[in-house]
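Student: Would you mind keeping the following structure in view while I ask a few things?
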Protein chains: 2
Amino acid sequence: MSFSESMTGMKRTHMCTALTEEHIDENVTIMGWVQKRRDLGGVIFLDVRDRTGLLQVVVDISSIGDEGFKKSEKIRTEFVIAVKGLVEKRTEETINTNLQTGTIEVRAMELRILSDAETPPFQIEENSSVREDLRLKYRYLDLRRPDLQKKLMLRSKLTEVVRSFMSEEGFVDLETPMLTKSTPEGARDYLVPSRVNPGNFYALPQSPQIFKQLLMLSGFDKYYQIVKCFRDEDLRADRQPEFTQIDIEMSFVDEDDVMNMNERLLAKMFKEVMDVDIALPIKRLTYQEAMDRFGSDKPDLRFGMELVNISDIVKDSDFKVFSGAVANGGSVRGINAKTCGDMPRRQIDALGEAAVSYGAKGMAWIAINEDGTYKSAITKFLSEEIVEAMVAALEGQPGDLLLFCADKNEVVYNTLGNLRLDIAKRLDLLKKDVFDFVWVTDFPLVEWNPEQKRYTAMHHMFTMPKEEDMELMTTDISKVRSRAYDICLNGNEIGGGSLRIHQREVQERVFEALGFSEEDAYDRFGFLLDAFRYGVPPHGGLAYGLDRIAMLMTGSDSIRDVIAFPKVKDASCPMTSAPGVVEEKQLEELAIRIDKIEL
Amino acid sequence: MSFSESMTGMKRTHMCTALTEEHIDENVTIMGWVQKRRDLGGVIFLDVRDRTGLLQVVVDISSIGDEGFKKSEKIRTEFVIAVKGLVEKRTEETINTNLQTGTIEVRAMELRILSDAETPPFQIEENSSVREDLRLKYRYLDLRRPDLQKKLMLRSKLTEVVRSFMSEEGFVDLETPMLTKSTPEGARDYLVPSRVNPGNFYALPQSPQIFKQLLMLSGFDKYYQIVKCFRDEDLRADRQPEFTQIDIEMSFVDEDDVMNMNERLLAKMFKEVMDVDIALPIKRLTYQEAMDRFGSDKPDLRFGMELVNISDIVKDSDFKVFSGAVANGGSVRGINAKTCGDMPRRQIDALGEAAVSYGAKGMAWIAINEDGTYKSAITKFLSEEIVEAMVAALEGQPGDLLLFCADKNEVVYNTLGNLRLDIAKRLDLLKKDVFDFVWVTDFPLVEWNPEQKRYTAMHHMFTMPKEEDMELMTTDISKVRSRAYDICLNGNEIGGGSLRIHQREVQERVFEALGFSEEDAYDRFGFLLDAFRYGVPPHGGLAYGLDRIAMLMTGSDSIRDVIAFPKVKDASCPMTSAPGVVEEKQLEELAIRIDKIEL
């Protein structure tokens, strides 16, 4: 049987850490959870916690009387209490410099137990090392951790800063539907069966893309929304079935207008939330440059170790692994892992295995000893001249480790791009307090989808092709570049956008190039193509992954840390155990049946 | 074949109505839609529209040259154009006082057609009288109407004001899940089949109720969120399957704390958005008082016409319709429709028919003629003394019409409450620019559900019973009052909330009283009851219907006017035609089948 007193007649006067030495001798009422209780016999010390921090309460029989003292003896960790008392200065020897309120304490005159508590399944403490599955089952307790609370409060502050900026810039906050139509392409939709129209389904939006374009067509000029989006995909560390986008769209703009506005937004976000100054303008790389130099379309610029193309150096060598790759239209490239020349052989082998996991057939390497000699399994296949040229190209110095990959370009990029990150991690170059932004532009309009044996949109189907590539649309669509741009931070794509197609013919041509029949395109997007008949302004926009930005700002390793109630790998919630079984009657109303029951 | 020029090399310098006489002789670039085009032969006038309003452009062959002029001859309504030109003062006789920019015009020096347009299916104009179904099919055109744009921009401003207030007051904006667990009670859930866990379903939230309570339990202290909620119910004028709530929860508070904070919020909302001053504190009525005086738990206080209980006057009369109702535990009550004494008989009969539609067996009435005599079908059954007492009780004056209803109390309340509104509407007492607020408190905890033959929660299952009624919980739950409160505006419930149960025993007792077995309650709310073991602060909150507030602020007749892309009666979207048929493969992945296909 639990025990709880009413708070009737009591009003909280202060949050715990609002009390300072200025309040000494004042009567105050504080309320919160008991973090710790120390019984010194005759005097009980209680550390009381609220969202602002801790405050020490002294319960002394001489101040509170017999009954109050007896009550306080029942108190355990995580009890919720209300304390009316007097703020007092601590004696020199009891001052706790680790505590914001460490120079004062509250002497209890009246104490109520508002709620008792069983011993929680784990202790409430910063940087808990408790298993995540247990913490997520008891998420309401996990969320009592001050570090987690701070992260969610930072996220709240972040959205506030975004909203105030967007409003100052004249953007209108407009809500778009959650119950909408299933879209082809992109990821898998979450579906919602309709009761009123049996056999029909809504889809939860993967993004408000079409709606925000229609709002531009309506003349709202500047739209933004912080909005939940949904993708029914298998989860990775930084993915959730539902996630939050900062969604932006503008009319009568070109790339520079969108990018400039967003740079101001990012600068404001990082200044006001993190007190970090971002140097503007943010660097820009084309997609091709990003791939050539960093092996990634979301390059991490916190460190160098850029890719170097040595194809010309090795293309005529007798080492077929190298010359063959070049001859087949691929390339040979390398990176210089500075100071890693003394890496033990088994660690180098581990890098080689990683390279294979990234798609390469293998990894070649040259370690430069301190005396300038080489350790390598490939130098013997190459002329001294070529080896020297390779080392020179990578600016190899004694103590460096040079890694090479020879294959089709996409394999080389992916392998070296990832090895670059692995080595940076090992060398501790990925500083969490450095925030390095870069725009990546000029993406290919389409990419080859080997499963579906057709081209699919790289950004999305509404992305405008570059004017100068328009002629390639019918001759070689794979070469068409788009007016898309991603904004990357420390190797993470935190946002992406594009100028949109605003001419119906161009939109139809893109549908066609992506293999949609006219009928198909109309079935799915008829209303958009119809809308395009009635006067469309040039427009473009961008969408940020809010969860990911909050994750990077808080230095978290997972977006789960910046989501109050996240899902786990199988898209379930360990706390509510959603998804769950529903009543037969509910399914009947929706006119659906579960397949496996039928089998 | 449509026609469109690129805007490359052009930058908009001003929105249309940003231009004033101060800009005369300046070179500007404006962009927008052509509202109207007048060709005066050699000179073409274009009214250009953007979200701020209209601006007149003059295209004169002498300024723009042959080619530019030819282009401008192609321009039709809703074309999107960009105009570079010179701001000029209009001559006295061409000044348009109806237009904000009516004293100036822009002389075009360069003109581009950014997008042509077919003739739209209806004209873009304020207060369109076009059929709503056509407007909703072409919602993107409907949304070009300045009145509709203003409404949505007001809504955006409203949320901005709410957010800034909540932040100042220390509330944390926390997102709760959209994919969650189906809840019993309340309305019907929208379900989302799980692919990873076949046969299992998420539900879209009807409200974040449980999550916000858990956030209080976690110690976030003050939570708010502006959040989409979902109910799969048949639609009425002011209902949508998805709607937006301003959701608020606070810890360590009582009713007054919650109500005071919300009064400040409402005052700020109406001041900053509408420039309307709300007199604080807002009036409070108990549920019983509201029913007795206004026949409604969401009373409209913009006018009087209060219900008067005349049961004592008529209980011993020979008129069985009256005395019988009182004898059966019901009552006889009346309202005075001032100045309606000369209402034609067929209109009075129509009121009687309305009364029947509200559940009454009939409606009695006395019209007081200007000479003080009565016109009535019931006075003959009543003594003169009783008739005089009835008239006196209702303060009847010559020219008044007195309406009476005799039945069970709930029927009398509902009938007279609705007749009161009907008459107020007829007398034009429902002024849209008057904003009259009232709190309704002390609701019954439960109400009898005749279908399910059991009590269901009137507010919701987490509502705290009044302390002084706690003993009735086991003896007569129908008499228990709750610590719930609704905030009403002009006869609309715009928000509601309560103090929540924070003791596990009380919560279990309520589940029991509502007919949940212990097992059942645990099945559904186990995680909440478990959470209650670990220290729960007293807490309470409130949720507003944002759509409804925006509707009332904008004087709209439907919430569809303040939603960018609303659904219609069958919960479908006429524009996207969602919900729609999906591919068989999608259903296979979800392991569900459509019933009707199986039949």
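Note that Cβ sites are derived from N, Cα and C of the backbone, with glycine treated the same way.
Just so you know, TrEMBL annotations never went through curation; they're auto-generated.
The L-aspartate binding site feature in TrEMBL is assigned to A:GLU185, A:ARG231, A:HIS459, A:ARG500. What TrEMBL lists as ATP binding site is A:ARG231, A:ASP232, A:GLU233, A:GLN240, A:GLU493, A:GLY545, A:LEU546, A:ASP547, A:ARG548. Per TrEMBL, the feature domain 'Aminoacyl-transfer RNA synthetases class-II family profile' maps to A:152-566. Marked as region 'Aspartate' by TrEMBL: A:209-212.
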Student: Select from A:GLU233, A:HIS459, A:GLU493, A:ARG500, A:LEU546, A:ARG548 the binding-site residues whose C-beta atom falls under 8 Å of at least one C-beta in chain B, and return them in sequence order or as 'none'.
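Tutor: Qualifying residues, whose Cβ lies under 8 Å from chain B: none.
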Student: What residues in the same chain, six or more past the boundaries of the region 'Aspartate' (A:209-212), come closer than 8 Å to it by Cβ-Cβ distance?
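Tutor: Answer is 176-177, 180, 183, 223, 225, 247, 249, 460, 462, 525, 528, 541.
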Student: Using only C-alpha positions, which one of A:ARG231, A:HIS459, A:ARG500 is spatially nearest A:GLU493 (ATP binding site)? These are the binding-site residues in the record.
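Tutor: That would be A:HIS459, the closest of A:ARG231, A:HIS459, A:ARG500 to A:GLU493 (ATP binding site).
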Student: Could you round the CA separation between A:HIS459 (L-aspartate binding site) and A:LEU546 (ATP binding site) to a whole angstrom and send it over?
Tutor: 19
Student: If I take the Cα of A:ARG500 (L-aspartate binding site) as reference, which of the binding-site residues A:GLU233, A:LEU546, A:ARG548 has the closest Cα?
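Tutor: Nearest candidate: A:LEU546.
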Student: Using DSSP, would you call A:ARG548 (ATP binding site) helix, strand or coil?
Tutor: helix
Student: Please report the three-state DSSP label of A:ARG231 (L-aspartate binding site).
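Tutor: In three-state terms, A:ARG231 (L-aspartate binding site) counts as coil.
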Student: If you count Cβ atoms within 10 Å of each one, which of the binding-site residues A:ARG231, A:HIS459, A:ARG500 comes out on top?
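Tutor: The residue with the most neighbouring Cβ atoms within 10 Å is A:ARG500.
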Student: Check each residue in the chain of A:GLU233 (ATP binding site) that is at least six apart in sequence and keep those whose C-beta is under 8 Å from its C-beta; list them in sequence order.
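Tutor: Expected: A:ALA187, A:ARG188, A:ARG239, A:PRO241.
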Student: At the Cα level, what's the spacing in Å between A:ARG231 (L-aspartate binding site) and A:LEU546 (ATP binding site), rounded?
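Tutor: Pair distance, Cα basis, whole Å: 15 Å.
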Student: Please give me the CB contact count at 10 A for A:LEU546 (ATP binding site), counting all chains in the structure.
Tutor: 26
Student: Return the count of C-beta atoms lying within 10 angstroms of the C-beta of A:GLU493 (ATP binding site), excluding that atom itself.
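Tutor: Excluding its own Cβ, the number within 10 Å is 16.
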Student: Counting each residue once, how many in the region 'Aspartate' (A:209-212) are helix, strand and coil under DSSP?
Tutor: 4 helix, 0 strand, 0 coil
